[in-house]
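TrEMBL lists 82, 83, 84, 85, 86, 87, 88, 89 with the feature ATP binding site. For 255-307, the entry in TrEMBL reads domain 'Torsin-1A C-terminal'. According to TrEMBL, the signal peptide annotation covers 1-16.
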């Protein structure tokens, strides 16, 4: 009865915004199907992400703290960087799965691929307009939306800057608490910096687990800002420091590749085939040429190699 009276009152005010504000104050519906499993995310990261101690720690801390905050002052903006096959897309799917119970099947998780959604460099203004309206419309429908931008190195420069007002600590925007959203950017830009630090650490006899995020985050930011013909080239999102955390993904060693192969085998009911996992590890190409430390494709080719040896 109280709810009905409130709706009648809101109608008399004549604005949809006031109706929504009161409705959201007495209902959880504005958070959509938001049922975060924070412990599940932490467990998934530490069990199924191999060789990425920095990504495990940064993502676990940043996402869990954000989800625990019922009224964050700004959205969570994560930027994943590293070579292909190192786990960037895997982690983004983990976040989706433990926020909405499904990797990419939720209507509140939105993925953008530049070669599909923004293929032409001469249509930047149209893409900016389309992206702005898409994000605002979905945030109005669900404040807890997740937006994933894959292959940022292939996005035309200038497109992503239309989101600058959405990423900072502003107070009023399109009738919803847009500060509850999560944005994930995925890119291979910065892999040269990351791989160089990983190689130098190994050559110096230093454990890869001793590499600290502070050794890489500023250098990654510089790399993406100065990378021509990529999404963050000279972007105000970088200069205004609107990225919550830059997340480095290290190149993978053979032992990490074999763990990926073992996981693939277990998913096929063949956990006992350690010989296949070893063969997959041996069949990969490793860099640099003189030392053969790091898998050149990470775990990306593991399923195909398992098919070959199984």
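Using the three backbone atoms N, Cα and C, a Cβ is placed for every residue, glycine included.
Taking the features listed in TrEMBL, we show where each one sits on the structure.
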residue	record	Cβ neighbours (10 Å)
82	ATP binding site	29
83	ATP binding site	24
84	ATP binding site	15
85	ATP binding site	22
86	ATP binding site	32
87	ATP binding site	25
88	ATP binding site	24
89	ATP binding site	20
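For the domain 'Torsin-1A C-terminal' (255-307), DSSP puts the residue distribution at 29 helix, 4 strand, 20 coil.
Apart from 82, 83, 84, 85, 86, 87, 88, 89, the ATP site neighbourhood in this chain, defined by C-beta within 8 angstroms of the site C-beta centre, holds 80, 90, 188, 249, 298, 300.
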